[in-house]
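Enquirer: From TrEMBL, here are the annotated features:
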DOMAIN    8-129  domain 'Ig-like'
DOMAIN    149-268  domain 'Ig-like'
DOMAIN    276-394  domain 'Ig-like'
DOMAIN    406-536  domain 'Ig-like'
DOMAIN    688-813  domain 'Ig-like'
SIGNAL    1-21  signal peptide
TRANSMEM  831-852  transmembrane segment
């Protein structure tokens, strides 16, 4: 220790470190080692928080001698000459484990190494705080431990899996001290090491990782034989037991209640080779079986094991020849207890211990694939346990299921072909030539539509409807809405016939239609699998699109007749390109050529609709309500009759015919309309000619005066008795300076003397009377400004025929007369002037009264003037 003083430089550097009270520690008690082993003494400093590594010095003292420098971590010349050579050889070295810890290693300990070892750390503290050194005693014992295998050289054991084996090693110690032995069996397989089973120095057994279950079941045991032999027993060898076995023995001693391992020795005991069990499973490579038959596959097992092993056989199925891929499923299994696990359609049996049969009943198309036989051999273990000794998988057995496709034909016929739009279309898809043995076959249908195109165009088919194997019908996009509306109907009326009906065929429905009948085969799980499709030949639905043609011809059976006779006209109708037509007829009348009274007026007389309902249109002759008749003679012929014809009935008569096509049951669609040629009624007569004129003595009146208008009728030609004449007179007015407005009916007087007057919005009144045989007077009482305008009369003469019937003549109109209504200025302003003068007088008197009252009561003041003021005023006036 005196050599520490001449190191002032190092001490100065160490004085920079921040140190405080510290304690140096080495192991307590006595360390015991055996000659030839390695001695390791750790030393560390507690409560050291310096920034750098702590330095250590080691010294040795044999029993009764002083300490000699042994080694130092920071001074090369510190060790004594005695230990320089061992330090150079590496037998003595220091190994730092931390900044404040170091270990002293002495390899190949010799008896001279027994003594005391002191670990110290230099200090530059001003004051000593703590312990700067510590000492430990080391005892060195002679090597008295003998370990060896049961046989030399180490044997090599060749075993079969499942066979037992034993390994032994001997271990004994002649140490004078009370020591204990610990033993460990270790298995080496290449670079890997596994602890099999250990016996500690305290007499406890510890199985290695993976051997716990085998140890507890008694399969792996460790016991002693005699005084120095240790036996490892394995009742049934496994493939994992192959390798080299070492016996590792360690010697322990108890010092002051702590156990120390003083030495350890290992010896190679034996090499165990586990011969693999030969196991092969063979199945036929390719098997073909007819649908509905039984599939029988045999798995033959080959093995070299003849002891008590039990096979476990599993049959699996896969769509691919690789059984390792996902998707394979287990069909049946026979476990090692000979219990079969299968399904009702699959059976597994074995004829002997090496042959196992798989039976699949009623095979179907879905049974086509690859079959595998998985075999596992199980050997019994200790305490009724079992372990797998071998496993094998057969090559795939390819099974092809051949089935007889349903043989049938499909025919498509059009039971209803449309000739026009809105006609129904009905197609029947029939399955024919089926075999009677196809009881497990179900037929469904799919309907397709393909548009008519040129031959060089690519045409795609559109799905109308498809039926699945469970009879579920699904519509395509083209037919979904119309099927929901009931326009497309898909049905199956018979076992072998499918129907498709279009209630109202449109132009877009023209094209090719075909059906596809699918055959479905029933499987074992009651599901249906499609096995075949058969296409029918297409049926073309087409009709030419031509314009509808409707022709109406009218004729008159009796072309010459006189007034009072019956007029008859027949109309013959012919049509083309109109589906199931029905006709409605309307009889029209026009004024003859040259009649300018109303040349553009067309009068509707009577009609008959497509349902044969007759209706009077604008026939207003109340005396002849039943005078016109329209009837249907045939489907395409109609007859019109007019009884007791009048001269006023003269004109051009036509038949207006409309053709209707049925749609949606009771509904009708207008297809075409046509007008017949005219039939003229012309009365050639030499009777009287009537004229009408209007006269007024007061064409200009003052408002409020009476307006008189006379309608005068003159007769030219043959003279008539006044009793044989009658007139319908009507007065009209156009309240404008011109005739640009519609005439307004004022009043009418029929031939029976009945007067009818229209309602008006002003106060003037009207009266109409017959003043003579040929004169009619219209009077406007209390005329107003609105009564100005053009007035004319309309006269319809009636003449009694020799037969006593009244004949209506043509209506005649007079020329208009303009009536002016002037305003009476004096009368107009009389009342306003009187009212104004009266109001002004009243207001003036009232104003005077209010002014007087205000000045007398409200504004009166008494002013007292002095005489002086008066005199001053007088003097001013005088000036």
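Numbers here mean position along the shown chain, with the first residue as 1.
Each Cβ is built from the backbone N, Cα and C atoms, and glycine gets one as well.
All annotation found in TrEMBL is predicted automatically rather than curated by experts.
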Enquirer: Where, among 149-268, 276-394, 688-813, do we find the most CB pairs under 8 A to the domain 'Ig-like' (406-536)?
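Expert: The stretch with the most close Cβ contacts to the domain 'Ig-like' (406-536) is 276-394.
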Enquirer: Can you work out which residues elsewhere in the same chain, 6+ from the ends of the transmembrane segment (831-852), have a Cβ less than 8 Å from its Cβ atoms?
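Expert: Cβ under 8 Å, 6 or more out: none.
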Enquirer: Under the DSSP assignment, what numbers of helix, strand and coil residues are found in the domain 'Ig-like' (149-268)?
Expert: 9 helix, 73 strand, 38 coil
Enquirer: Mean pLDDT across the domain 'Ig-like' (8-129), rounded to an integer, is what?
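Expert: Computed over the domain 'Ig-like' (8-129), the mean pLDDT is 77 on the 0 to 100 scale.
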Enquirer: Counting each residue once, how many in the domain 'Ig-like' (276-394) are helix, strand and coil under DSSP?
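Expert: The breakdown for the domain 'Ig-like' (276-394) reads 6 helix, 68 strand, 45 coil.
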Enquirer: Of the residues in the domain 'Ig-like' (406-536), how many are helix, strand and coil by DSSP?
Expert: 8 helix, 68 strand, 55 coil
